[in-house]
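Q: Can you read through this structure? Questions will come right after.
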Amino acid sequence: QKKGFCAGYCSYSCAKTDEWTFHQTCGKMYCCIPPPKKG
């Protein structure tokens with residue numbers, strides 16, 4: 001399933017705990033997806 005937006009945030013550098021992917025809305029930046037918060 002393709003969403004029309006990055007599920008996390010667009011950045012040139014993601015946090016070490018983030019998953020990352022490429023997304024068209026982020027252009028040349030990464031789409032950083034933070035892990036789900038526990039608690």
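Note that Cβ sites are derived from N, Cα and C of the backbone, with glycine treated the same way.
For Gln1, the entry in Swiss-Prot reads pyrrolidone carboxylic acid, with the evidence type experimental evidence. What Swiss-Prot records for Cys6-Cys32, Cys10-Cys26, Cys14-Cys31 is disulfide bond, and it gives experimental evidence as the kind of evidence.
How buried are these features, and what lies next to them?
A: The Cβ of Cys32 (disulfide bond) has 22 other Cβ atoms within 10 Å, all protein chains considered.
Taken residue by residue with DSSP, Cys10 (disulfide bond) is part of a strand.
Secondary structure at Cys31 (disulfide bond), taken from DSSP and collapsed to helix, strand or coil, is strand.
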Q: Cys31 (disulfide bond) has how many other Cβ neighbours within 10 Å of its own Cβ?
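A: So the Cβ neighbour count for Cys31 (disulfide bond) comes to 21.
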Q: Using C-alpha atoms only, work out the spacing between Cys6 (disulfide bond) and Cys31 (disulfide bond) and round it to an integer in Å.
A: 6
